[in-house]
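Taken straight from TrEMBL:
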- A:1-20: signal peptide (SIGNAL)
- A:229-252: transmembrane segment (TRANSMEM)
- A:283-303: transmembrane segment (TRANSMEM)
- A:315-333: transmembrane segment (TRANSMEM)
- A:367-391: transmembrane segment (TRANSMEM)
- A:412-431: transmembrane segment (TRANSMEM)
- A:451-475: transmembrane segment (TRANSMEM)
- A:482-500: transmembrane segment (TRANSMEM)
Amino acid sequence: MTRFLRLLAVFLLFAAPLRAQEGFEAVVAGLAGGFAAQAEAVERLGALGDPRAVPILRALSEGRLQKSPEGALAIDGRDALTGAPAPTATEAIRINNRVRGALRGAFGRLELASASDAERAAAAAGLFRARSPENIQILEDALGREANPGVRATMERALAASRLAAPDAGVRRQGILMLGGTASPEARGLLLEARTASPDLAPEIDAAVAAIDQRLQLRRVAETAFQGLSLGSVLLLAALGLAVTFGVMGVINMAHGEMVMLGAYTTVVVQEAFRGIPWLFPWALPLSVPAAFLVTAAVGAGLERGLIRHLYGRPLETLLMTFGVGMILQQAVRLAFGAQNREVISPAWMQGVITLPGGVEVTQNRLWIIIFSLLVLGLTVAAIRFTRFGLEMRAVVQNRRIASTMGIRTGRVDAMTFAFGSGIAGMAGVALSQIDNVSPNLGTGYIIDSFMVVVFGGVGSLAGTMIGAFTLGLVNKLLEPWAGAVLAKIAVLVGIMLFIQRRPKGLFALKGRAAEQ
Amino acid sequence: MTARFQLSRRALLAGTAGALAMPAIRPAFAQGAPIKVGVLHSLSGTMAISETALRDTVLMMVENINAKGGLLGRKVEAVVVDPASNWPLFAEKARELLQVHKVDVTFGCWTSVSRKSVLPVFEELNGLLFYPVQYEGEEQSKNVFYTGAAPNQQAIPAVEYLMSEDGGGAKRIALLGTDYVYPRTTNRILRAFLNSKGIADADIMEEYTPFGHSDWQGIVSRVKRFAGEGKKTAIVSTINGDANVPFYRELGNQGIKAEDIPSVAFSVGEEELAGIDTKPLVGHLAAWNYFMSVPGAPNDEFKKMWHAYIKNDKRVTNDPMEATYTGFAMWAQAVTQAKTTAVDAVRTAMYGQKVMAPSGYEEQMWENHHLSKPVMIGEIQGDGQFNIVYKTPTAIKAENWSPFIPENASRRRG
């Protein structure tokens, strides 16, 4: 029996190219049909293994494949089969998810022998998802040739997944053992899927799933912690500027959120300005950081000199006035940029996930924002600790009159402090443009959170702001899976209320004379 | 200063009065006071993003009808008010429209909560409201004509599609929504529907977030985990407003491809996609009764009319705009047929009105105050438009009282 099959296989191997010659064009023609016909044609092209199919399928997946009313296929104005110039009256062929899934499997088969490591890895990943016992042989062959360890691992997983779909129980058992040795949630899903199909192997599958779960446990904890840190970093960024204007200067600055919003819009403007300059365009986002700082610092300085300084010592009026200024800024931006959200393009290095050692997956944009928030925090601390401006600022906060008799121009220091705090808010806006909508009411979403963090951490303490932000972020993310996003937020607010009852000055209360005022 | 003058000055400030005050050609109107059309859409606040386009659609229809000589030989005049995304203010502004301006008809509201807020006012003063947005059903007022979809014209066919072979054969559904009446009611109906299709509660995940939610990492990774239980999983999103943008960005960043976990959205249209790079989202779905990419002459005409009115070829059209257009055209037909704008006469004339909608289907107003509408499912494309992958062969009649809500059993018989 086996010998007969082997003979048959050899026969088919030789006969296949002959049949393929005439069959190829007929199969390709199916790509112009309905979605079901397309999916079938794609699968058959993958099975034929003719390399001529690759550019055609690539064009199909990218929406470049076109069909004429007669059903002739063309790519970029040339006939898909002959390469001759094609008539122009053609329409693009559209595909749906089913065809996309079939394409992934077909690419997997066709590109498993590609020269590029990335293409082979993508092909193996495609076969992992397409999983079919027909792929076992080609995957085994490919593994025999493969030298790159990363690609090998992907191929092994694809092979295991394909074995899981085999009719023979022994082969399936092999697949289960291999998948049980991984720490991949996808493998876990496949195993559970196979469990319903083959109840006879249920004990093996359960053992494999339990093994994977054990490995995933730590990773899940790490991922939740990362999400908490990420939320904390956003809170920290939003609150840092307020920690200066409200925490240090005592100005109840309701326009703080609008400073964040202005920073985000500066990012939009910088990006638009650089759009025409290709070599500079990837740097638009980093260059927006100083630009946003300068813009919002200038607005902050103007606000302080023009309005706020006349209201020192009158917190209620300051609150109302800054609230009004915030609304004016919002409406001004709405008039200048329109009520529609503006698109900020994420550079490639801020998209997608990276896998840390241990298989923990973190999204790049969130990772960069955590790093950025710590940088901004470091800069703020350094500016207050180690610069002359910081020294003068601390002096004025501690005792304005004595600072003044020492020759410090307190008015100028006030303006610079407020400008500094506003500038930090502007830099936060650049980061938030990557994760939130850039719209005129961007800031209103953050003003409450910012006050919450500053009050919780302890007014006037930067360390408190940092610890407060990360604590709130982590607590929120730990509660979220149980309580849901809405209840988690409410629970955090209630928690803060109770905490403030016990410790009205927050986590880090300032001691000494300044705190007594 | 009269209230009218104040109002037109406000409209001028908003930059819209140009079209109202000086039409290029002034057709001669017969004697008679103008017919007044109230426009009750938020022009500021969170909903302004969506509702401003509907205000413009009504103004476009008014301009068009005047260019053709008005209605019943009288000029049509729009009265625009701004309820500012503030739900109680909607009721006040509705009262103002009906009592101060004495409008003959009102086009307005987007969120269900705003509609619920104005409903008692329209019923008390016997006004007429055209509501143009898909919603959760469970309502039928003699003073409201609903030109958007009921759940059986959007939500249920979309989930059926996800469970079909073409849609990927989903066996596990994650219901994600914004926390208010529309998503909660829709998901209640969908859960009952899924149960009736043999999907157990363990295979349904339900999560709600506040308006404007931007931190989706936890929820998206929970969906990923939910999908890792060995059954094909799909997301059904009733997320509203601009929270969709960070949601889709998180889906893209976490590498959730539509081939693996497709998502279908009920409140994401061309307008909402305008603010994002849609390339990572290709293949995710939306269900509506109209897409801008619908082929055919009625839609070409609609798009041409819109671009000519708004003087910007880049502006998109969407489903609620189409529903506004259809509702307005139907109202104008009913008024012509009734030869009056009196609410009771127009209401009777509305039943059975048919309009060739931009969707390319003839839509009819039934006595349940809802339109028959086709259902379309589109896949997001790289250019922010939709590729229509499924549509019903005919327009479907609305079931505003869902059979999947047990309390409706007696109502449906009645």
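Glycine residues also receive a Cβ, built from the backbone N, Cα and C atoms like all the rest.
Just so it is clear, the model here is predicted, and its values are computed rather than measured.
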For the transmembrane segment (A:451-475) against the transmembrane segment (A:229-252), do we get 3 or more Cβ-Cβ pairs below 8 Å once near-sequence pairs (under 6 apart) are dropped? yes
Under 8 angstroms, Cβ to Cβ: which one of A:229-252, A:283-303, A:315-333, A:482-500 has the largest number of such pairs with the transmembrane segment (A:367-391)? A:229-252
Any chance you could find the range in A:229-252, A:412-431, A:482-500 with the most Cβ pairs under 8 Å to the transmembrane segment (A:283-303)? A:412-431
Restricting to CB pairs under 8 Å, which listed stretch, A:229-252, A:315-333, A:482-500, is in contact most with the transmembrane segment (A:412-431)? A:229-252
For the transmembrane segment (A:482-500), what are the same-chain contacts with Cβ under 8 Å, counting residues 6+ beyond its ends? 452, 455-456, 472, 475-476, 506
Using Cβ atoms and a strict cutoff of less than 8 Å, what residues sit near the transmembrane segment (A:315-333) while being 6 or more residues removed from its termini? 250-258, 261-262, 265, 299, 303, 307-308, 440-441, 443-444, 447
